[in-house]
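What Swiss-Prot annotates here:
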- Tyr211: active site, for nuclease activity (ACT_SITE)
- Glu108, His115, His117: divalent metal cation binding site (BINDING)
- 646-659: compositional bias 'Basic and acidic residues' (COMPBIAS)
- 667-681: compositional bias 'Low complexity' (COMPBIAS)
- 691-701: compositional bias 'Basic and acidic residues' (COMPBIAS)
- 703-713: compositional bias 'Polar residues' (COMPBIAS)
- 11-271: domain 'PV NS1-Nuc' (DOMAIN)
- 397-552: domain 'SF3 helicase' (DOMAIN)
- 193-197: region 'Ori-binding' (REGION)
- 606-776: region 'Transactivation' (REGION)
- 628-752: region 'Disordered' (REGION)
- 211-215: motif 'RCR-3' (MOTIF)
Amino acid sequence: MAFSAPVIRAFSQPAFTYVVKFPYENWKEEEHLLWSLLAPGTERLMIQLRNCAPHPEDDPVREDILCSLADQHYGAIFAKACYIATTTLMGQKQRTPFPRCDIICQSEIGSEHLHCHILVGGAGLSKRNAKISRATLLGLVMAELTQRCKQLLALRPFEPAEANIFHLLKRIEREAWSGHTGNWVQILQYKDKRGDLHAQPIDPLRFLKHYILPKNRLISPSSKPDVCTTPDNWFILADKTYAHTIINGLPLLEHNRKAYLQELESEVIPGPSTMAFGGRGAWEQLPEVGEQRLITSNASTAYKANKKEKLMLNLLDKCDELNLLVYEDLVSACPDLLLMLEGQPGGARLIEQVLGMHHIKVCAKYTALTFLFHLHPDQLLTSNNKALKLLLIQGYNPLQVGHAICCVLNKQMGKQNTICFYGPASTGKTNFAKAIVQGVRLYGCVNHLNKGFVFNDCRQRLIIWWEECLMHQDWVEPAKCILGGTECRIDVKHKDSVLLQQTPVIISTNHDIYSVVGGNTVSHVHAAPLKERVLQLNFMKQLPQTFGEISPVEIAELLQWCFNEYECTLTGFKQKWNLDKVPNSFPLGDLCPTHSQDYTLHENGFCTDCGGYLPHSADDFVYTDVASETTSGDCDPGNLGDTDGEDSKSEASEVDFRPSKKRRVISATPPSSPVSGPSLSTFLDTWQSQPRDEDELRIYEEQASQLQKNTKSTPEREEAQLGEPQEPQPEPDPTAWGEKLGVCSSQQPGEPPVVLYCFEDLRPSDEDEGENIGGE
């Protein structure tokens with residue numbers, strides 16, 4: 001018999017409310033999978049519940065089923081997992097296994113997701129860390145659910161559909177430990193004057209009274225509330241439902257719910273009679289108010305905006321809310337508001353003024369890097385990122401380049417305020433530069449054709465793009481100020497000169513930007529100061545035509561990973577990469593010894609030191625796991641029960657902030673090649689260190705025994721060869737060599753020779769047999 005939770009009379013402060021969603025989209029259509037995974041043994045009862053009659057009809061079978069499913073259905077299991085995870089989180093905050101806190105968890109069946117409301121309060125949780133704790137809470141909940149699934153795995157192997165849900169829970173858990181919640185957990189927040197969101201403390205008892213308790217019971221989307229709720233516990237005006245409620249570890253039973261609510265209203269939460277009404281009761285006569293007189297004042301009344309000004313204010317709010325930066329964005333996002341403003345006198349100029357004000361506001365609030373993250377939040381770096389691959393092809397460490405770009409875009413690189421991509425055509429210069437500036441979106445371009453106003457488009461911008469930069473003596477002096485991040489005044493057409501703040505510059509060119517052209521002379525006087533302001537990357541390798549364009553999202557993924565991992569300042573960059581001075585020519589990358597590839601095999605992830613792709617294993621059988629077989633569609637029920645697959649190839653393919661472990665490359669003997677032993681040098685090169693697991697130990701013992709057999713049989717073969725008489729063999733002529741190679745001369749003159757067989761069928765010689773096993 002379950003004990004019902006007593007009425008909670010005081011709740012620990014501060015208190016916050018979370019909502020955790022079950023990360024499976026099609027759970028309603030495949031509800032039977034949740035029965036078998038989370039609540040095995042309840043399938044028959046849940047099916048019988050569908051056929052039960054709703055109240056007020058008497059159905060004894062319905063009462064027995066609901067009594068049997070009291071806290072055994074999957075909604076109750078989900079609520080228990082959330083309660084255990086929240087208790088663990090508060091224990092971490094208070095650094096004790098027995099935290100002093102109050103926790104209320106209620107699972108509900110929503111219109112889209114199965115979710116759980118969590119009310120938690122106690123020491124260690126504050127407005128500053130409650131929002132950050134979402135990822136930790138999600139990871140703990142997913143860990144509890146996967147542990148519940150493993151209990152079923154001890155009894156029987158998973159079905160393919162069950163294995164998909166299990167691996168989905170494991171993936172969400174790994175992403176949560178990396179800081180990515182994926183909108184699977186939320187917290188009640190409020191927005192301040194600057195538009196930032198913060199965690200909102202709540203009154204937990206009133207939240208419990210008005211939102212949590214007055215709901216009817218529903219434990220399955222295929223059933224109805226009037227079937228799952230008894231008539232005595234029915235809330236007439238309630239239109240929302242719940243599945244299971246836990247208060248401080250004890251379940252709140254259905255028949256105690258109304259009594260709990262009544263006691264909470266009458267005794268715990270103060271009613272109107274106890275509120276401050278100046279000593280009077282709630283329904284007594286209000287105090288009399290004396291005669292009020294208006295005080296005459298000479299002060300002017302508040303100003304009321306006219307229609308045109310209200311339209312401008314509304315448009316400015318829309319630009320801030322939807323990140324509208326150019327006229328085309330206004331046309332696509334709010335055409336009605338744009339038409340109303342265009343209809344006003346001087347409407348086109350008013351729209352330009354509104355966009356200009358919004359640009360000033362964005363430039364004052366963000367840097368190019370923070371605005372890029374604002375437009376592309378919570379991006380996860382994957383190994384098939386084209387920006388990563390391009391930098392590897394050009395010989396650079398992509399993580400080091402990303403670190404430098406973060407410092408420049410965040411205005412933390414000192415005097416080096418410019419990144420220049422230099423090289424011949426079709427090497428990816430413009431591709432990379434365009435992805436950066438399009439990711440920021442608020443950028444200006446330098447126009448050589450308008451020689452009097454070259455930097456006319458660079459004011460009120462987060463970043464400047466100088467495509468095919470060419471340095472001329474007419475603008476070399478303001479260019480040095482802009483490239484170095486120094487404030488200067490620039491000329492604007494039809495306006496006075498304006499002040500240009502520090503703005504990062506991206507250059508893509510195949511010209512020598514350090515040579516200043518003027519008339520018929522070329523000067524190198526400005527080369528040294530220009531090199532001190534520019535960080536140059538030389539792209540010299542041409543890309544294939546099928547490489548594709550780098551998207552702004554891929555740039556955001558790379559920069560966000562670097563921003564989270566490194567200190568994006570000049571000091572942090574120099575300390576991380578052991579540099580005394582950041583040179584003009586960016587240093588090339590130094591790949592790890594095992595990461596020298598052709599940058600094609602990227603499924604194993606990337607190295608967090610050199611940025612190169614992790615090598616693949618030559619023995620596919622050793623590193624085959626359940627997750628890869630499940631996603632490819634070849635499901636083996638025997639292998640689905642192997643929980644070791646969660647740490648193998650599936651984790652390596654899902655690249656997050658925790659890179660995959662490096663593996664030893666062990667070559668397997670090709671099936672078509674003859675059985676031959678490894679050579680001693682190849683064997684020693686391969687096994688320079690001890691085997692790290694059972695598979696490598698097995699391969700090591702096989703190769704060692706084969707090498708020992710070859711060593712013993714070598715003297716016997718030499719003696720047999722010395723005993724046989726050697727006959728002189730004539731040297732073959734070109735025709736004989738052609739027959740050995742599988743090429744015979746044609747019978748008809750003038751026709752090409754006939755190829756009899758392929759070179760792949762030739763048996764390897766004795767000298768090459770030792771190279772087939774044990775080495776790459």
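Each Cβ is built from the backbone N, Cα and C atoms, and glycine gets one as well.
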Within the same chain, the residues at least 6 apart in sequence whose Cβ is under 8 angstroms from that of His117 (divalent metal cation binding site) are Thr17, Tyr18, Val19, Ile104, Cys105, Gln106, Glu108, Tyr211, Ile212
Mean of pLDDT values spanning the region 'Ori-binding' (193-197): 83
What residues, ordered by sequence, lie under 8 A Cβ-to-Cβ from His115 (divalent metal cation binding site) and sit at least six positions away in the same chain? Val19, Val20, Lys21, Phe22, Ser107, Glu108
What are the other residues, in sequence order, whose C-beta lies within 8 angstroms of the center of the C-beta atoms of Glu108, His115, His117 at the divalent metal cation site? Val19, Val20, Gln106, Ser107, Gly110, Cys116, Tyr242
Counting other CB atoms within 10 Å of each candidate's CB, the least crowded of the recorded positions Glu108, Tyr211 is Tyr211
Under the DSSP assignment, what numbers of helix, strand and coil residues are found in the compositional bias 'Basic and acidic residues' (691-701)? 8 helix, 0 strand, 3 coil
When the region 'Ori-binding' (193-197) is classified with DSSP, how many of its residues are helical, how many are strand and how many are coil? 0 helix, 1 strand, 4 coil
The compositional bias 'Polar residues' (703-713) - residue tally per DSSP class, helix then strand then coil: 11 helix, 0 strand, 0 coil
